[in-house]
Amino acid sequence: MRNPPPIRLSGCPGRRPNPCSVVPVMSFRLYLSFVAASAVLIYAPGPVNLLTMNQALRTGWRRALPCVWGGTLAVLLQLALTALCLNSLVHLDTHALAVLRWAGAAYLVWLGCKQWLSRAPADAAATAAPATGHAARDAESGRALFWRGVATSGLNPKTLLFFPSFFPQFLVPNADWSLNGQFLLLATTFALLFVGGMASMALLSHRLSRALQRPARMHAMNRVTGGLLVGMGAIMAGWN
């Protein structure tokens, strides 16, 4: 009695693996998903968004750019920390995290109170004046606005702790690219989207300032943004 012929699986002659299924790559669709998710996160209401938009409403979009650069620097530092110590950031000591959270909450409350009490320009033309005119009259320098943007974004522990859980969802462990290369691509993309998003919101707010040239309307806008900042500080203080 002869032995039956060996059975071969269809599609796998000789049991040779398909090289296309061995090394996965970051697909373009996955990258577009990351871009879309990042855009939603950037344009969602947040402390840096409110700070940039209010500054553009009050003094023009050019005077709001230092807030954009400061927020971008803080995001870059947070991305660098995420790349260097993912596990350490996730397993921060409870007391250290509480101190960071309360520091960020106190700063947001202080910033909101200052915004609430700020005065609107007495003249309607002052809102739409060129940035050079405001530079001469505005006591707050571009350097102060820059560091305000750094502090507003850097003292937000939710962002620092969100990055380690957000980026790994778009990384392919066994891809032909290294994880460092993939993270560098995603981090660079996020930083560019952040700059573009903040700048576009500043420009849009500057365009809306023409409808808010009356001091009463600008004063109401200061109250709204100040109240939102105080509310975000209270939420951050109670966030666990």
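The backbone N, Cα and C atoms fix where each Cβ goes, and this holds for glycine too.
Sequence annotations record features per position, and here TrEMBL assigns transmembrane segment to 31-52, 64-90, 96-113, 145-163, 183-208, 220-239.
Proximity of distant same-chain residues to the transmembrane segment (220-239), defined by a Cβ-Cβ separation under 8 Å and at least 6 residues beyond the stretch ends, is recorded for 45-47, 50-51, 53-54, 57-58, 101-102, 104-109, 111-118, 120, 156-158, 212. Same-chain residues lying 6 or more positions outside the transmembrane segment (31-52) and placing a CB less than 8 Å from one of its CB atoms are 64, 67-68, 71, 108, 111, 148-149, 152-153, 156, 166, 170, 185-186, 189-190, 193-194, 197-198, 201-202, 205, 225, 228-229, 232.
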